[in-house]
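Undergrad: Got a structure here, written out as structure tokens. Questions coming.
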Amino acid sequence: MSTKSRVSRVSGTRPKSARPRRSHVPYLLLLPALLLELLIHLVPMAMGILMSFRGLTQFFIRDWSRAPWTGWANYELVLDVNRPVGEALLRSFLTTCLFTLLSVGLCWLLGTAAAVFMQESFRGRGLLRALFLVPYALPVYAAVITWAFMFQRDNGLVNHVLHDQLGLGGSGHTFWLLGDNSFWALLTVSVWKGWPFAFLIVTAALQNIPGELYEAAALDGAGIWQQISRITLPSVGAVNQVLVLVLFLWTFNDFNTPFVLFGKAAPEAADLISLHIYQSSFVTWNFGTGSAMSVLLLLFLLLATAGYLLVTTRGRRNGHG
Amino acid sequence: MRRTRAAAAAVTASLLAAATACGGGTANTGGGSDTAPKELTYWASNQGPDLAADQATLTPELKKFEERTGIKVKLEVVPWSDLLNRILAATASGQGPDVLNIGNTWSSSLQATGALLPWNAENFGAIGGKDRFVESAIGSSGATGQDPAAVPLYSMAYALYYNKKMFQEAGIAKPPATWDEMVTIGRQLSKDGKWALGAEGANLSNNIHQAFVLAKQHGADFFDAAGKPTFDSPGAVGAVKQYVDLMAKDKIIAPGNAEYAQNQSLQDFANGKTAMVLWQSAASSFKSHGMKEGDWGVAPVPVPAGGAPGPGGNTNSMVAGINLAVFKNTDNIDGSLKFVKFMTSDEEQKILNKTYGSIPPVKAAQSDPAFATDDLTVLRTTLGTSAAPLPQVPQESQFETAVGTAVKELFADAAAGRPVTTESVKAKLTKAQQQMAS
């Protein structure tokens, strides 16, 4: 615990002995952050969980300690898929799952492809890289409200280009913000907004792959696809693990995009879960039910994340072994 | 291992960020006090064309108040999209303004939270008495049988605005007075890319206002006497169907209006794309879109055949308007009452309502000639004779969301060419009612 002599031997060849020195100082330095973390994150979370067991409606928000305890009633209500509230939540959940799957997949694919292309140096590479990052750097509201205008049926750019310029799908304009098409509109905006992040992270990861590896592979006769699948992808595997996870969590929880695009009540086809929860609590002033839904969402995300980490980490370790 | 640890850290951080969203406020049980007698915070709603216009209108008046009483008023104009959430947050935390504007339809819902100062006889006495206000306006300031949660500040009513030039070109002498005439005239006007009537199909509140009035005309209410929702009664179904049918069956509303929620229908009206809109106090908006006084005419909203606007089945508007409320947690109760008295004084009522194109809910202020223009006479008469307050029940805001969404979805069906039948309307309204049960 308190040996000083080991420090000097860190540079030795045996990695086993290269343990960092144990001391209380790092923990002391971390303590303020830890306390703040508790205060800012864990306490509100605990309150959220408490709220989910109460009948917290507009009658009690002024002093919510007076709200009656309702036990599992909120959970029974939102989990009963044979009644409208539970049914709507389930549908919203499934929509969100499909949406997340497609959005994360496309973001990752586009980001990785662009990053691999940008690896070669050519004229204007810096400019293109900067351009690619614009959607990520724009304020969400400004970007999404622009899309909302572009998707308008009568005066929107999207319909103008598709129907009037390209003549696709006849001359009748399509509704993008109403009905089933709203899913695709939402997906488009989400991918547009999300892929630069994937691009950025993969680009950074690619910097760490030594050029000699590619040269050696090329000498051995590996083609471009083999280089990508044998060198590039395995080298960025660890980064991808985190990247996909973070994209998943962000997309699954995305509130801003559907809210700005559709307002308080999204069409069924694009009713993402976070917006659904907002509607169930803030708009209808039933905070207990909303909290119960939030807790369920949190549980699902925890389980999904734990499962994902377990599977991917073991898979990679075996692969290396 | 280290990788996993880093990943776990990243994940924990993201999860926490996600879960914080469900955090709540703290308990607070303060009452009014007088600990800060020289200062007031006032949240104004957005009444002018934009927030800056409201600042410009209100600041000189607040200066006047400061000169007279020595109380400095800190003004914040809150956009409509934020106002209700801000009030809820203020209620939950106990940290709010001293005086605030609320949409009068929220009165009962907010009254139920207990966050607003009840206007009992004593408080009304401090501002000159309840009798100074128009009765219908007082009727939409809280649940019946309880002390009002707010006092009326600006009153508005729905009217039929029509484009005079388009009517002239089509050879139509006068605006429709009944719904049958509306449909007949509407079919004449809807051609060559122009449409007769504008609607805000994705604007939940507006949908509610229209559905409420039509329900009255069908002899139905969305809540029964006990305050229980009755959304899918035959009358309510007929009312919603009649409204959506203006697009689905009569085809006098452009399908594109189904996605309007940002007052695009007013823009279309100003650009001569639609000939009529049903709107409340729209004059200043038309002007800001480039129309000139005299380009449009104003008439009462149509009623069922054979009737004239009046109470009951011939109701043709909700009592729209803004109320002024005092936050119970205020630290300057005395100053707050003085401020409400100032804002509802005859003089200020005239100045402010003139600027905003609304009707003063204070009887004495209504006699000013500024409120005798054609526009305002229609609105004033409507308010006085044929306007009814929206249901004054605590669940009012849930009702707006649930039924407003149902109407929005029906408009989406109509726009996409899917049939809108009595059954499909009833199904949507039944679903909306089931959501209220939770």
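Heads up, the Cβ atoms here are built off N, Cα and C, so glycines get one too.
Sharing the record's features from TrEMBL:
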- A:1-11: compositional bias 'Polar residues' (COMPBIAS)
- A:1-20: region 'Disordered' (REGION)
- A:27-53: transmembrane segment (TRANSMEM)
- A:93-118: transmembrane segment (TRANSMEM)
- A:93-308: domain 'ABC transmembrane type-1' (DOMAIN)
- A:130-150: transmembrane segment (TRANSMEM)
- A:183-206: transmembrane segment (TRANSMEM)
- A:231-252: transmembrane segment (TRANSMEM)
- A:291-311: transmembrane segment (TRANSMEM)
Undergrad: Does the transmembrane segment (A:291-311) reach the transmembrane segment (A:27-53), going by 3 or more CB pairs under 8 Å (6 or more apart in sequence)?
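TA: Contact between the transmembrane segment (A:291-311) and the transmembrane segment (A:27-53): present.
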Undergrad: Going through A:93-118, A:183-206, A:231-252 one by one, which has the most CB pairs that fall under 8 Å from the transmembrane segment (A:130-150)?
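TA: Out of the listed stretches, A:183-206 contacts the transmembrane segment (A:130-150) most.
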Undergrad: Take the transmembrane segment (A:183-206) and find every residue of the same chain, 6 or more past its ends, with a Cβ under 8 Å from one of its Cβ atoms.
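TA: Same-chain contacts beyond the flanks: 95, 99, 102-104, 106-108, 110-112, 114-116, 118-119, 129, 132-137, 140, 143-144, 147, 151, 176-177, 232, 235-236, 239-240, 243, 247, 250-251, 254, 257-258, 261-262, 269-270, 272.
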